[in-house]
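Visitor: Per Swiss-Prot, region 'Disordered' is recorded for 1-24. The domain 'Protein kinase 1' feature in Swiss-Prot is assigned to 93-350. Look at Swiss-Prot and you will find 99-107, K125, 452-460, K475 tagged as ATP binding site, backed by sequence analysis. Here Swiss-Prot flags D218, D563 as active site, proton acceptor. For S252, S392, S409, the entry in Swiss-Prot reads phosphoserine. Positions annotated as domain 'AGC-kinase C-terminal' by Swiss-Prot, on the basis of sequence analysis: 351-420. Swiss-Prot lists 446-706 with the feature domain 'Protein kinase 2', giving sequence analysis as the kind of evidence. Sequence annotations record features per position, and here Swiss-Prot assigns phosphothreonine to T601 based on similarity to another entry.
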Amino acid sequence: MLPFAPVEDPWDQEDMEVFGSTSSSEPQVVFTMKNAATVMREHERKEVNDLKMVDEPMEEGEPVSCRREELVKEVPITQHVKEGYEKADPAQFDLLKVLGQGSFGKVFLVRKKTGPDAGQLYAMKVLRKASLKVRDRVRTKMERDILVEVNHPFIVKLHYAFQTEGKLYLILDFLRGGDVFTRLSKEVLFTEEDVKFYLAELALALDHLHRLGIVYRDLKPENILLDEIGHIKLTDFGLSKESVDQEKKAYSFCGTVEYMAPEVVNRRAHSQSADWWSYGVLMFEMLTGTLPFQGKDRNETMNMILKAKLGMPQFLSAEAQSLLRMLFKRNPANRLGSEGVEEVKRHAFFASIDWNKLYKREVQPPFRPASGKPDDTFCFDPEFTAKTPKDSPGLPASANAHQLFKGFSFVATSIAEEYKITPVTSSNVLPIVQINGNAAQFSEAYELKEDIGIGSYSVCKRCIHSASNVEFAVKIIDKNKRDPSEEIEILMRYGQHPNIISLKEVFDDGKYVYLVTDLMKGGELLDRILKKKCFSEQEASNVLYVITKTVECLHSQGVVHRDLKPSNILYMDESAHPDSIKICDFGFAKQLRGENGLLLTPCYTANFVAPEVLTQQGYDAACDIWSLGVLLYTMLAGYTPFSNGPNDTPEEILLRIGNGRFSLSGGIWDNISRGAKDLLSHMLHMDPHQRYTAEQVLKHPWITQREQLPRHQPNSDEPPQEAVAAPYSVLARNPNRHHPILEPVTASRLAQRRNMKKRTSTGL
């Protein structure tokens, strides 16, 4: 048996200044040990306490007795069925969609048809017995046993377990938010606040398992699910080990190799401490977008885990760096968490966490997954959800296999009490969003009418719903020119806000995406400005209040619009009341990403672009405030602050913005209050750090005391139409020069790496 891996920390003496860039050196790997293939061959010949150590699943005919740990797990257990309730069977569930598929079976979205929980949605994990080797069968039964025993707010709940002659069924919580891996693949990396929240909830889940004597052993983003609110739930217990404490340690070689602790790679005895190493790997990946130990193949990855020196990313906070160093201890006895979760909770990285509120799910998650109807699967891989859900007959397994799963059936004891609720039916499902399959379905459901607007990547048309004869608007986006996924997610997540355009349906034919929304019959704010020439101060303040209040809501959720302008702000009806305003066109909107919250991709409409975008210094929510400042200026003056007329070139407009030169004196400005000018000067401040936030704008006296503002329109000698329309006509003639195509996050090298190598360890 090989000795323990070296106990020194895996960090370089000199930290890396920039981590993960092409110019930085790769983590230094020291290959002074036997290669991993030799290690594995040696261990295949070794026995520890008479337990044969094999990495591959055993064949059907191999004696089960060679694995004592598996033999123990074949002891039949008492059937868990509440008195008076019948056992579940496949006929009691309607198959709705395929959520995932592996070599052993599928995961379906299902709806219960009978019983006290009729109408409830579940995830149904179906495994074919004939496809499972002996070790996999043991793992499946182990997963069922653990889920029966575990009851925790951050661990997926098992509601039913049953079997047929050829298949095994686990009926679990359906988590609409998908998994953390999917979110990480889309966003590449998370902010430290996001990571802190996920790690804190995960720490409580791991502690609960450890207190029950369970080592999880397969911690990775794919096994952490998000509910519709954004809280986590740990799932997939096929590799977990029951009844393991400091005196009774596990020896199995299992898990996803990139997340394995050194003692697991070395096939030495391991306990709960191994989970805290994997916890550190997960933290590192979420913060940096890359794995700390990943070679060109499995063997090199194992070598790196045992020997590699790794640079500490310097953009991480001191607290985050400290936690990583304490988790990445190659000696498990020295690893943070080896003495229990309390030492993890006491670490400075979690200083802002209220653990009691967290356990009660009273802490607001930093990210709310896109979700519409209860059975919406937008957060799941369309490769699976597009398939027709079909539970094919399973081949009968051997008699020995049936004996192995004796006592597999289970019904949650709280099933009647838990589901004294209104069943989910078509009448009470919120008709917000439905992801539909193709354009044929759109043409069957809607009749296209005239154009409403034409953009660089899309066209907006009026349409009529054939069944109800109700008018809607549809935005048709060319997927070859723009990735609409982020716009769809943001609209799905925040479309319930009264001042954000609501998304009704989404159709995708592969080339075009069709976004069906409300038809805004009141027209654009731009049209109203042109019609009135300028607003009274009271009307301008009322309009700015509604828009800024909506923007504040978006900013609090880490969303920036990045294209706020009068043509993207519409009235719901012809009353033109400020409360009927809705912000539309989220084509340039983004969720803030990165530890510093900055965005580096410039996209803008001239006149409404902040100066720091032009210099590509990165920008955050302050750019939206700049755009709102330009909007306020335009409402009060009837023209934009940086355009002199229709003959202005884009270069001239952008140069004036870069210089930050605008006038608040002379002409119409002699009739504008000092309060309005003061607010404008703060909203159009050149320095984004000194520019007002949305919250500060809302607290300004010109907003809070708007009922006292003048209601009359000031006289204006300016020709407003040409001045206001100039930037838009210029951009219409030169769309590509000032609206660069933004490549989706999936085009990044990190996202491509994830797409090429989808890590799996248990098949499902």
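Positions of Cβ are set from backbone N, Cα and C atoms, glycine also.
Any idea what these are sitting next to in the structure?
Guide: Mean pLDDT across the domain 'Protein kinase 1' (93-350) comes to 79 in this model.
Taking the Cβ of I454 (ATP binding site) as reference, residues of its chain lying under 8 Å away and at least six apart in sequence are, in sequence order, C460.
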Visitor: Can you grab the distance from K125 (ATP binding site) over to D563 (active site, proton acceptor)? Cα atoms, rounded to a whole Å.
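Guide: Cα of K125 (ATP binding site) to Cα of D563 (active site, proton acceptor) measures 44 Å after rounding.
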Visitor: With every protein chain in view, what's the tally of Cβ atoms within 10 Å of the Cβ of K125 (ATP binding site), excluding that atom itself?
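Guide: Looking across every protein chain shown, the total is 26.
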Visitor: According to DSSP, collapsed to three classes, what secondary structure does G105 (ATP binding site) have?
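Guide: Going by the DSSP assignment, G105 (ATP binding site) falls within a strand, counted as strand.
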